[in-house]
Protein chains: 2
Amino acid sequence: MSSFIKVGIVGYGNLGKGVQQAIAQNPDMELVAIFTRRDPQQLAELTGVVTEHISAAERYIGQIDVMILCGGSATDLPEQTPQLAAMFNTVDSFDTHARIPEFFSEVNQAALNGGNVSVISTGWDPGLFSMNRLLLQSILPEGEEYTFWGTGVSQGHSDAIRRVPGVRAGVQYTVPVQAVIDGIRAGETPQLTTREKHRRECYVVAEEGADRGEITNTIVNMPNYFADYDTTVSFITEEQLAKEHAGMPHGGFVIRSGVTGTGSKQIAEFGLKLDSNPEFTASVLAAYARAAVRFSREGAAGAKTVFDIPLGYLSPRSAEELRRELL
Amino acid sequence: MSSFIKVGIVGYGNLGKGVQQAIAQNPDMELVAIFTRRDPQQLAELTGVVTEHISAAERYIGQIDVMILCGGSATDLPEQTPQLAAMFNTVDSFDTHARIPEFFSEVNQAALNGGNVSVISTGWDPGLFSMNRLLLQSILPEGEEYTFWGTGVSQGHSDAIRRVPGVRAGVQYTVPVQAVIDGIRAGETPQLTTREKHRRECYVVAEEGADRGEITNTIVNMPNYFADYDTTVSFITEEQLAKEHAGMPHGGFVIRSGVTGTGSKQIAEFGLKLDSNPEFTASVLAAYARAAVRFSREGAAGAKTVFDIPLGYLSPRSAEELRRELL
């Protein structure tokens, strides 16, 4: 596939900014416009490109090959993806695992009606990690599989910390337990719950005069969020928080430990170590935008996931070139 | 895809045996017959299943959904794959990288003529490693990519050792240089040749009275094979060779170290640690045999590579189930 891809971005938070940067790294892609629910004229100063209110999207039918949707999974995407899939090819990173079947079905209907292709739930989990779970299960049907997340910030757990009385600000890192990973890499196949695989590190800025012992107690005993985990709480200053915890690192591993033949141990692992979670997710979205356009140009329509897409569709290079140089 | 897959195996070396074992791990697959160039009656004692001379393959048209070809890339597959692709869906592990374009073209023609699907060059390299190179390049277009092999036996280098005068037997392991890998995982992006990434460990059984210093010298200075590498030679007994070096371990890594946004480092890695190289390759072939049959049942024909195949085609589970449970 060598033809040019004209892209729209919907939403301009960290993910939308990341997509704008990712498009700049892909010479076969051009950013046409950014769509927002905010005041487009004000936002245009930040984006530096054509910026439109989301209600203007319809006017771009025929001028945009694919819309990359950068809203959140809680409320934005359930509404925006079906709406936009009726008008454009789309890609999103819908990540509420439990609601994927229902989301797929709604987006599929809208995309079929519009004659468009919608790639849903891409990124790294769901996304690259899902692909590795599927690939490695299919190759090694007898085995155990492990997904670890981190070291990275969990937004939900950080929010939970900030709701504790006496806490001014805070951030929570999910950290995979190294000893467990080392054991699995060495061939062990323990039965583990998520909590046994991860610990939680909290960095908290306390209000002046707050009881730090009380804060720590409240956090480590908080049901659902922290009580079942090995949780540490460290108190830091506002300056430290701004300086040392402003990044959005993340990562993790999918490991499958399988057995073949008469007991040969076969271990496969896919891992990510990301300085910027939103920029990496954005880069995955950009590659899948290419796949959506390619499917659409071949006449396909409907919702697709990473399981439906041949890897060759992600690359700007031709099939011949890929066979010659990468196979 | 839930329907049953009837499989034939062509060739019964280590890979063919591994495929037989892999089929036993996949409840949706049934082994119909093994085809050989040897005396089928004699071989049948080993295989324990219907064993036929390869010239009898044609009689199985309609009874076998896919032939898994387990011959070598030097002489077997260039002849067998086109021949059998005219009659059956096929899967092979053709791994002579430089000849892939020409092989693809011949197999494609034969498969199109026969109305069959032929998945060529699968396994782990070419195969899973190729897929990761393509995937990670497409997601992180700015970056450096590294493929390491080992620790594992190199057949070509083991053969080279055995041709040295005074050597009775021997085996060579390709070993990735750990310090280099650690540096890349930590974010370094050095420019490296294959030789800087790997060292070579040779285990040699010398003839009685042979000059060991002379043998070592000949090996470490052998052009193409060893002269450019950090090579060690250890002398062992025939018993040690049989006891400690009978396995066929292998593995390796594909690492891409990319940059996004304004300099965020993003590192992705896929790695394998295999007790049995042929059994793992065989397991990959079995999964791709499922994909070949599925493509064929959809009406497709021609040669395919791992770049053309949606990952969902590798699994016996339905698309709905995969979305619900693995995405």
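Placed from the backbone N, Cα and C atoms, the Cβ positions cover glycine too.
Bear in mind that TrEMBL entries carry predicted annotations, made automatically and left uncurated.
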### Query
For the substrate site that TrEMBL assigns to A:Trp149, A:Thr174, A:Arg200, A:His250, which of the candidates A:Asn221, A:Asn224, A:Asn277 is also assigned?
A:Asn277
### Message
Under a three-state reading of DSSP, tell me whether A:His250 (substrate binding site) is helix, strand or coil.
### Response
strand
### Query
What subset of the binding-site residues A:Trp149, A:Thr174, A:Arg200, A:His250, A:Asn277 lies within 10 angstroms of A:Arg38 (NADP(+) binding site), using C-alpha positions?
none
### Candidate binding-site residues A:Trp149, A:Thr174, A:Arg200, A:His250, A:Asn277, pick with smallest Cα gap to A:Gly72 (NADP(+) binding site)
A:Asn277
### Task
Based on DSSP, name the secondary structure state of A:Leu15 (NADP(+) binding site): helix, strand or coil.
helix
### Task
Tell me whether A:Trp149 (substrate binding site) sits in a helix, a strand or coil according to DSSP.
strand
### Task
List the Cα distance (Å, whole number) between A:Arg200 (substrate binding site) and A:Phe94 (NADP(+) binding site).
25
### Message
Can you check which residue among the binding-site residues A:Tyr12, A:Phe94 has the largest number of Cβ atoms within 10 Å of its own?
### Response
A:Phe94
### Task
Sorry to bug you, but what's the C-alpha spacing from A:His250 (substrate binding site) to A:Tyr12 (NADP(+) binding site), rounded to the closest Å?
20
